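Sequence annotations record features per position, and here TrEMBL assigns active site to E407. Taken from TrEMBL, the feature Zn(2+) binding site applies to H406, H410, H416. Under the heading domain 'Peptidase M12B', TrEMBL lists 269-459. Residues or ranges marked as signal peptide in TrEMBL: 1-27.
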Amino acid sequence: MSPSLMAAALITVEIILLCLRVPKASATITTTSAIATEENVHQQEQQQQIDNKDPFYSAVLRSLLGIELPDEFEVVYPYFADEKGRFVTSLSEENENITRSDRKRRHVGSEKTKKTHRLFIGIEHQNEKLVLKLRTNKKFLAPHATVERLPSNNPQEKESLSNECYYIGRLKHQRHSIIAVDICDGLTGFIQAKERAYFIAPLHGVQEHRTWSAHLLYPVNASIPISLANDQWRDDDITENRTIVERNIRSAITSNDVSDTSSPKIKEKYMAVTVAADHSVVEFHKNKVEQFILILMNIVNAIYSDPSLGAKLSIVVTRIILLQQDENDKISEGNSRQSLENVCLWFKEMNRNHSGFKKHDIGIYLTRLDIGGPAGYAPVGGMCNPRRSCSLNRDEGLTSAFVIAHEIGHVLGFSHDGDEDERNTCSQDGAEGSIMAPLVLATFRKFHWSKCTVNEYRNKIKYVHLPVSGFA
């Protein structure tokens with residue numbers, strides 16, 4: 001190659017790298033200060049790797065976020081820390097085993113660890129040190145939870161699910177914070193800090209040193225606003241449904257029982273969930289689809305466990321079904337009502353054909369197809385009717401966790417915040433980004449349950465039979 005051609009090629013490469021480094025003009029990339037000299041060198045090497053990646057962000061990152069690069073973000077380097085947030089040079093063997101988990105598949109019936117692991121992770125963020133106090137989330141997966149792929153040449157072949165990668169917790173010195181993350185293959189999930197909520201996901205690679213590789217940290221409200229207006233199925237069935245609910249009361253609790261979350265009278269309740277992902281979701285997330293679904297449900301579990309709801313309710317995954325072929329009998333593109341009816345009928349049949357731990361209280365269906373209108377759709381108050389205990393949700397990346405939580409709320413009977421027809425006076429909460437707001441993520445700064453939803457929960461949960469034991 002002639003010198004002139006070589007020079008032109010180098011200039012072209014520099015321009016490409018520059019474009020990759022700053023994908024949007026308004027984006028600001030902030031790296032953390034050096035945690036330790038050796039780690040600073042390692043971070044510089046990783047930054048160089050990022051600069052030379054094509055594309056800039058890996059397929060894993062794109063599939064988990066589900067959006068284009070937001071205008072506001074940071075590149076951060078999480079690290080293992082002690083209780084005070086100081087960088088640690090060595091980890092216990094126990095934590096080494098967890099963080100280097102290779103997510104090996106387990107045959108159904110294999111032994112799983114029941115020990116609760118605790119650890120601390122530090123993140124330098126906007127000249128502030130965030131210390132994540134984490135513990136394994138033992139309550140969002142049933143002990144015999146499985147993943148099934150349909151159709152299958154061997155219907156009896158199933159894989160068990162493990163919760164060893166999924167952690168929840170709080171930020172040190174931030175009482176009302178909440179965290180739900182996957183710590184294997186990087187740090188992926190949700191962090192509620194003070195008045196700001198964030199998603200975090202690895203840019204590429206896995207943890208090799210005492211710090212992870214570069215991660216993207218960005219505000220939840222940097223996502224595209226998601227409309228959930230008109231996402232409720234209300235018709236004459238609601239009268240029939242109330243009759244069914246009252247006829248099936250088994251373990252009712254009174255409003256007084258849930259009025260104080262510190263009361264010893266409160267018994268923790270568990271909602272068994274089957275999550276089904278259609279071929280469009282499976283094809284998009286590929287070999288990360290199982291991890292993606294569990295990350296979503298770990299966040300959903302944390303949302304319903306939040307003290308602001310005023311009750312002890314765990315959303316427990318008992319089964320994941322991955323539909324590997326295009327099945328035209330479920331999603332009627334552009335017709336959310338018909339699609340929901342199809343999905344609900346399918347879940348009813350799936351529930352009828354199984355017994356024991358395979359049975360669910362609610363079915364959650366994920367698709368990337370056009371369902372028409374809102375990002376989610378659910379029957380209001382359908383929990384105790386086998387034909388209506390379901391929700392249809394469009395996969396929008398990590399933001400789908402809030403859509404799923406919102407639609408589960410409708411199945412429980414919750415109305416939209418600010419819905420005057422339902423005498424819901426919490427429009428201000430909706431404007432601030434409450435879980436039951438009709439527009440998700442537009443003004444979202446912190447997730448919370450409004451007082452209207454709390455009151456609805458107290459009034460309705462006594463009519464819903466949910467087990468008080470059997471999963472923990």
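Using N, Cα and C of the backbone, Cβ positions are placed for all residues, glycine too.
Note: TrEMBL annotation is automatic and uncurated.
Structural mapping of features recorded in TrEMBL.
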residue : record              : CB count, 10 Å
H406    : Zn(2+) binding site : 28
E407    : active site         : 28
H410    : Zn(2+) binding site : 25
H416    : Zn(2+) binding site : 28
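Mean per-residue pLDDT, taken over the domain 'Peptidase M12B' (269-459), amounts to 89. Taking only the Cα positions, the spacing between H416 (Zn(2+) binding site) and E407 (active site) is 10 angstrom.
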